[in-house]
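Pulled from TrEMBL:
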COMPBIAS  73-90  compositional bias 'Basic and acidic residues'
COMPBIAS  93-102  compositional bias 'Low complexity'
COMPBIAS  177-195  compositional bias 'Low complexity'
DOMAIN    206-225  domain 'Helix-hairpin-helix DNA-binding motif class 1'
DOMAIN    236-255  domain 'Helix-hairpin-helix DNA-binding motif class 1'
REGION    64-102  region 'Disordered'
REGION    163-195  region 'Disordered'
TRANSMEM  33-54  transmembrane segment
Amino acid sequence: MAQRRSKGRASSSVSLFSDSVSKRIALSGRRRSAVIVLACCFLFAVVGITFVLLRQGEYRLTRSSGPGAAAEADARQGAHESEPVDRGEPSDSEGSSKASDSTETFFVHVDGAVASPGVYELAAGSRANDAVRAAGGPTEGADLSMLNLAQKVSDGEKIHVPAQGEAAPQPSQADVGSIDPSVPPSGSGSSKGGASLVNINTASVDELKTLSGVGESTAKAIVEDRTNNGPFASKEDLMRVSGIGEKKYAKLEGSICV
C-alpha cells in the first residue's frame, strides 16, 4: 500500500511540473511573436522614411540642375554684366582739389644767424618764425629783436636773421615793390596823432625804452619773452610779460603795434 501511495504522489508531481513547463513555454512563445511583430513594424517604418527622403533629394537635385535653373543663372549673369563698373576715376572736384594742394606751398631763402641757411619749402600762410625754425632756428648770436617773426612770408622771399651788433639791412628794390602800402613797415607805424608806433615784435631794447613807463628791465623782459615764447600775435599779448598789467598796458596800447 505504501509503495502504491508513493508512486501516485510521484506521478502527480511529475504531471504538475510538466503542466507548469508547458504554460511557460507557451507564454514565452507569445512574447517572442510579439517582439518579432514590433521589430518588423519598426523596420518597415525606417525603410519608408528613408525612401521618402531619398525621393525628395532626387526631386530637388533634378530641379536645381534643370533648364529653368540654367536660365535663371544666365539671367543673373547678364544683369551683373550690364551694371556699370566704377573704375575709380577721379571727379572734376577731386582733380581740382589735388591741383590746389600742389600750389599750397612756396619757397623762401633763409640766411644769416641761423643753424642751416638755405632754401626751404613752407606751407601757405607761414610766417617768418616758421621760416627761421625750418632753417634750424636762430644761433646764439642772433638778434631776433630786429626781425618781425610774426610777419607773413611769400614765395621767393629772402629772410635775413641779423647777428648781434649787425646793422639793420636796407630793403632791396624788389622788397620795396612787394610791400603792401596799406601795411606799415616792420618795426614802425603811426598813431592817429601822427606819432610813430613801436612794433613790440621787432623793437630793440632802446626802442622799447622810449615807451612811457617802460624802463630797461621791462624792455629786456619784453625781448626775452618774445624770444622764448615766439612773437606777440596781438597787442594784448604784451600783458603776458612779467611787470605789465592791465593798467600799464592801457597806457601803452596807443603807442605800440604788432
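Using the three backbone atoms N, Cα and C, a Cβ is placed for every residue, glycine included.
Counting only same-chain residues 6+ beyond the ends of the domain 'Helix-hairpin-helix DNA-binding motif class 1' (206-225), those with a CB under 8 A from a CB of the stretch are 145, 187, 198, 200, 238, 240-244, 248, 251-252, 255-256.
DSSP assignment over the domain 'Helix-hairpin-helix DNA-binding motif class 1' (236-255) gives 15 helix, 0 strand, 5 coil. Counting residue by residue with DSSP, the domain 'Helix-hairpin-helix DNA-binding motif class 1' (206-225) contains 13 helix, 0 strand, 7 coil. Model confidence over the domain 'Helix-hairpin-helix DNA-binding motif class 1' (236-255) is summarised by a mean pLDDT of 90.
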